[in-house]
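What TrEMBL says about this protein:
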type: TRANSMEM; residues: 7-25; note: transmembrane segment
type: TRANSMEM; residues: 37-60; note: transmembrane segment
type: TRANSMEM; residues: 81-101; note: transmembrane segment
type: TRANSMEM; residues: 116-133; note: transmembrane segment
type: TRANSMEM; residues: 153-186; note: transmembrane segment
type: TRANSMEM; residues: 206-229; note: transmembrane segment
type: TRANSMEM; residues: 249-266; note: transmembrane segment
type: TRANSMEM; residues: 286-304; note: transmembrane segment
Amino acid sequence: MSDLITTSFFAIIAAGFFVGVVVGLTGMGGGALMTPALIFLGVGDAATVVTADLTAAAIYKTGGAVVHAREGSPNFTLAKFLILGSVPMALLGPFIVHQIAGGDPESLDKLLKECIGFALLLAASTYALRIYIQLRKDVRGVGQRDENPMIRAIPTIAVGALGGLLVGVTSVGSGSVIMIALLILYPGLSALKLVGTDLVQAVPLVMAAAISNIVINGLDFTLLIPLILGSVPGTIIGSKIAPRVRQSYIRRGIVIVLTMSGVALLDKAGWAPLGAGDDETHPMLVAWVGVAMVILVPLIWGFLRRGQGLPMFGSPTVAELEEPSAGDRKS
């Protein structure tokens, strides 16, 4: 028991709780936030962290999927086609990466950090695009609702396959990347339907990815147990307080954090344009990226607002625009 209760144990609980709250507040996929947090805490190598994160996600995503299924929000036909693409690739992804790394632990750790870094930058980009699409919907109106659209089988399976590969290798993408693809393929789906469908397809996806990673890497319970102890109550609390919290700043903050984390991991992995292969993160580089993002994100958002016929800043507020429109609330 003393081997389990360590300083790292409480640090993992704290990280899990914080990320859980953010997930509960915004619906943002936990892997994009939790995986880099655990890597930078130094509680394990990249493969160990990804495996524990996926296993924990399989537990708390199941609860969310059950709730949405009872409320009738998922489109099960759409989820089925996503699963057809995602589960096989989630099972294959870890084996592919291990083959590329040649079975060498150091090469595997470096490769995984690079993959996670690029996945985080992709997640940041897709999440920003999701916010922009919501802005356009709120300004121009929701458009025609179609809660049971004709399924575009091949593109949907392809989206599932890409998401499955990303999740199986990095634990990132089950929420951010797949969600934006669904928004583009099926714009008539309501936000509730999108979230419910994404959660339902994410359960077998994450379970398959977790099983595959456990088979290859094993499972570190000293990492998994505190992760669950922190993330589950954090997610519940975040969900409870979400209606009373303005999410616009949190959402844009997530884009900044994901970008900084992606750059930091690429730097730590020694990716040629950033690092020197010394397994170090250069704080000044990450700090400059953060400063640039803090300055640029509000400016870019202001220009996007103006492009939609709104003032760059001020009334109507971003929070008002990013909340579900009247059409969403009635649906």
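Glycine is no exception: its Cβ is also placed from the backbone N, Cα and C atoms.
The structure displayed is predicted, hence computed values, not measured ones.
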- Winner by Cβ pairs under 8 Å against the transmembrane segment (37-60), considering only 116-133, 153-186, 206-229, 286-304: 206-229
- Message: Which range wins on Cβ pairs under 8 Å with the transmembrane segment (7-25): 81-101, 116-133, 153-186, 249-266, 286-304?
- Response: 249-266
- Message: Would you say the transmembrane segment (116-133) and the transmembrane segment (206-229) are in contact under the rule of three or more C-beta pairs closer than 8 Å, pairs 6 or more apart in sequence?
- Response: no
- Note on the structure: Contact count check, CB pairs under 8 angstroms to the transmembrane segment (81-101), set 116-133, 153-186, 249-266, 286-304; argmax is 153-186
- May I ask which of the stretches 116-133, 153-186, 249-266 has the most CB pairs under 8 A with the transmembrane segment (286-304)? 249-266
- Task: Would you confirm whether the transmembrane segment (153-186) and the transmembrane segment (116-133) meet the contact rule of 3 or more C-beta pairs below 8 angstroms, pairs 6 or more apart in sequence?
- Result: yes
- Give residue numbers and ranges for long-range contacts of the transmembrane segment (249-266): same chain, 6 or more residues beyond its ends, CB-CB under 8 A. 22, 25-26, 28, 32-33, 36, 39-40, 113-114, 116-121, 123-124, 127-128, 131, 274-275, 281, 285-286, 289-290, 293-294, 297-298, 301, 318, 322
